[in-house]
Amino acid sequence: MSGELNGNDTSAQAAVSAGSVLEGAAFADEGEQHNESMKTLVLGALGVVYGDIGTSPIYAFREALHAAATNGILARSDILGVVSLIFWALTLVVTVKYVLFVLRADNNGEGGILSLMALVRGALKGRPDLILGVGICGAALFFGDAVITPAISVLSAMEGLEIVAPNLTPFVVPAAVVILVTLFSVQKLGTGRVAIVFGPIMALWFVALGASGLWHIFDDPTVMAALNPYYAVRFLTVSPAVAFVTVGAVFLAMTGAEALYADLGHFGRKPIVRAWLWIVFPCLLLNYFGQAAFILSHGEAAALPFFQMIPSFALWPMVLLATAATVIASQAVITGAYSVARQAVQLNILPRLEIQHTSEKLHGQIYIPRVNLLLGLAVVILVLGFEKSSNLAAAYGIAVTGNMLVTTVLLYIAMTRIWNWRVSRALPIILGFLVIDMLFFSANIIKVHEGGWASIGIATVLVLIMWTWVRGTRHLFQKTRKAEVPLDLIVEQMAKRPPTIVPGTAVFLTGDPKSAPTALMHSLKHYKVLHENNVILTVVTASKPWVASADRARVSQYNERFMLVTLTFGYMQQPNIPRALGLCRRLGWKFDIMTTSFFLSRRSLKASVHSGMPLWQDKLFILLARTASDATEYFQIPTGRVVEIGTQVNI
């Protein structure tokens with residue numbers, strides 16, 4: 001026995017040393033400095049980044065055991081094999097792949113699938129559509145994850161009621177629906193005030209996870225033998241068919257790992273990595289090994305081991321804490337969905353959406369009504385349709401494994417094109433990640449009939465919408481460009497036949513500064529007047545998240561009547577044209593909002609059989625265009641200074 005204890009002590013020391021080595025490797029090239037204290041950032045990361053993966057122990061181990069059981073019977077080797085798989089999956093996927101590699105692929109400090117796509121496209125000549133397509137698929141899978149996470153998380157917490165009081169079982173689904181409806185209803189109020197307590201609550205949650213697991217490890221300390229990969233390999237090889245299905249359930253322990261990268265811009269790399277290595281990872285392992293030891297010594301407890309191993313006096317507090325943790329996890333995913341939607345709009349992957357800022361101090365705190373409504377409806381429908389978290393498990397895995405697979409593909413391009421790694425160095429690493437990702441993805445894709453269809457259906461609809469918008473805007477641009485007249489030609493004609501000059505400044509928005517804006521053409525045609533000063537304004541979205549105010553505006557004088565202005569925003573920034581034009585004062589143009597009129601073109605689109613797209617896609621694009629947020633609101637232009645001129649375009 002003393003030999004075992006000494007061995008465990010050595011393992012613990014080795015784990016701490018490994019943590020130090022990993023942290024040192026993760027920060028080998030770290031140079032960022034944070035204004036806030038590290039402790040505050042780590043605590044914040046616990047509340048935002050790790051809510052999803054932190055609530056996985058409620059259902060992940062249970063689902064993996066159900067998959068591993070043969071005729072409802074679990075052998076000791078099965079239990080050790082499953083917990084060993086979870087340990088090594090968390091180590092290889094989260095600690096190695098995400099902590100050591102993916103978190104390095106930041107786009108000016110920002111992370112997430114669309115940030116990575118923008119980074120990679122910017123590094124490739126011609127910005128190939130293939131990369132855009134991969135990014136769109138990744139974004140669609142992320143939204144699928146955002147729908148499933150609140151549903152499965154809150155449902156799994158509510159299922160704890162079945163242990164506390166079996167007579168409350170019929171109220172599990174209604175209670176989950178009430179909590180979720182309330183959660184989505186209060187989004188418009190902002191999360192600034194309640195977010196302060198997210199970190200402490202999740203810190204308490206991880207302490208509870210670790211403590212409950214550590215207590216039950218002593219039920220059967222030999223469970224720690226599962227740290228040896230032998231048990232994982234043996235489980236995979238003895239019964240490959242059963243193991244393959246089990247791998248799909250084991251992946252549930254990794255759901256939420258993508259949040260480490262998605263929330264990179266909120267906290268920075270160092271706090272996220274430290275929170276994982278020193279708090280989240282150890283507490284998760286203690287809980288999973290504790291559940292395994294509990295089942296080894298209480299074989300009948302495999303139904304809901306997470307709650308069954310909690311002492312009766314602590315059951316109600318644990319159910320309440322689990323509910324709070326799953327709500328926080330859901331909130332983090334909802335906030336992430338807003339952020340990704342805003343990025344997609346800025347990158348012209350989605351139509352303009354109404355974006356409301358819920359905080360005067362923190363610009364990142366936003367609320368998108370349409371996204372909130374659609375997300376809330378989809379989540380409630382899933383809860384009512386699937387009723388149990390076990391039924392949602394299959395749908396969950398496909399969305400997250402697909403997202404991770406896309407991340408790996410883009411990471412390879414970042415390694416070879418941005419980090420300038422040799423292929424011989426990058427390829428072995430990426431192939432290792434791809435083997436793991438493909439194993440998890442294939443193990444989940446076979447569950448289409450069990451609920452995976454929901455994930456695939458959500459992602460397919462979103463890919464269709466985003467790709468239709470991308471294709472449609474391109475066709476519309478090409479169509480209108482053919483009909484437009486070069487600005488040079490219009491200026492020459494006005495020099496020969498000067499129109500009536502009226503006082504003030506006119507700003508014409510256009511996507512192509514070389515062509516005369518449609519609004520300008522119609523103004524000259526119908527009113528025969530030209531303002532004293534005319535600005536041809538182009539708004540550009542950069543491939544990086546933030547553009548400094550000093551780099552916001554470029555101004556060039558075309559002639560005495562015309563000026564060309566280009567405003568550049570990052571894809572994480574909300575365009576504010578009046579404020580940006582105010583920056584032009586230092587460039588020599590004294591912008592005055594009270595003497596300026598903004599001329600916008602409002603296009604009425606008609607479907608055409610010669611558009612280059614199928615007729616159904618034309619109609620879908622027109623529908624999306626009609627639902628787009630008003631340009632005046634999106635660009636934050638005062639409505640009293642706007643003149644809209646309508647045109648009809650056949651696409």
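Every residue, even glycine, has its Cβ placed from backbone N, Cα and C.
Worth saying up front: this structure is predicted, and the values here are computed from it rather than measured.
Record features, source Swiss-Prot:
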type	residues	note
TRANSMEM	41-61	transmembrane segment
TRANSMEM	82-102	transmembrane segment
TRANSMEM	130-150	transmembrane segment
TRANSMEM	163-183	transmembrane segment
TRANSMEM	194-214	transmembrane segment
TRANSMEM	235-255	transmembrane segment
TRANSMEM	276-296	transmembrane segment
TRANSMEM	309-329	transmembrane segment
TRANSMEM	366-386	transmembrane segment
TRANSMEM	395-415	transmembrane segment
TRANSMEM	426-446	transmembrane segment
TRANSMEM	450-470	transmembrane segment
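Sequence-distant contacts of the transmembrane segment (366-386) (same chain, at least 6 residues past either end, Cβ-Cβ under 8 Å): 146-148, 150-151, 154-155, 173, 176-177, 180-181, 184, 187-188, 190, 334, 337-339, 341-342, 353-358, 392, 395, 451, 454, 458, 574, 627.
With a threshold of 8 Å between CB atoms, the same-chain residues lying at least 6 positions outside the transmembrane segment (235-255) that come near it are 52-53, 56-57, 59-61, 63-64, 66-68, 70, 77-78, 80-82, 84-86, 89-90, 93-94, 145, 149, 284, 288, 393-394, 396-397, 400-401, 404, 439-440, 442-444, 446-447. Counting same-chain residues at least six beyond the ends of the transmembrane segment (276-296), those with a Cβ under 8 angstroms from any Cβ of the stretch are 15, 19, 22-23, 42, 46, 50, 53-54, 56-57, 60-61, 65, 74, 76, 79-80, 82-83, 86-87, 90, 94-95, 99, 203, 206-207, 209-221, 223-224, 226, 253, 260, 302, 305-306, 308-309.
Beyond its flanks by at least six residues, the transmembrane segment (309-329) meets 47, 51-52, 54-55, 58, 149-150, 153-154, 156-158, 160-161, 163-164, 179, 183, 198, 201-202, 204-205, 208, 212, 216, 256, 290-291, 294, 298, 301 of its own chain at Cβ-Cβ distances under 8 Å. Counting Cβ pairs closer than 8 Å to the transmembrane segment (130-150), the top stretch among 41-61, 163-183, 194-214, 395-415, 450-470 is 395-415. Of the candidate ranges 41-61, 163-183, 450-470, 41-61 has the most C-beta pairs within less than 8 angstroms of the transmembrane segment (194-214).
The list of residues near the transmembrane segment (163-183) in space but at least 6 beyond its ends in sequence, with Cβ under 8 angstroms from a Cβ of it, reads 150-151, 154-155, 304, 307-308, 315-316, 319, 323, 327, 330-331, 334, 376, 379-380, 383-384, 387. Outside the transmembrane segment (41-61) by six or more residues, the chain places 34, 82-83, 86, 94, 149, 152-153, 156-157, 160, 195, 197-203, 205-206, 209, 249-250, 252-257, 259-260, 263, 266-268, 270-272, 274-276, 279-280, 284, 287-288, 291-292, 305-307, 322, 325-326, 328-333, 335, 389-390, 393 with a CB less than 8 A from a CB of the stretch.
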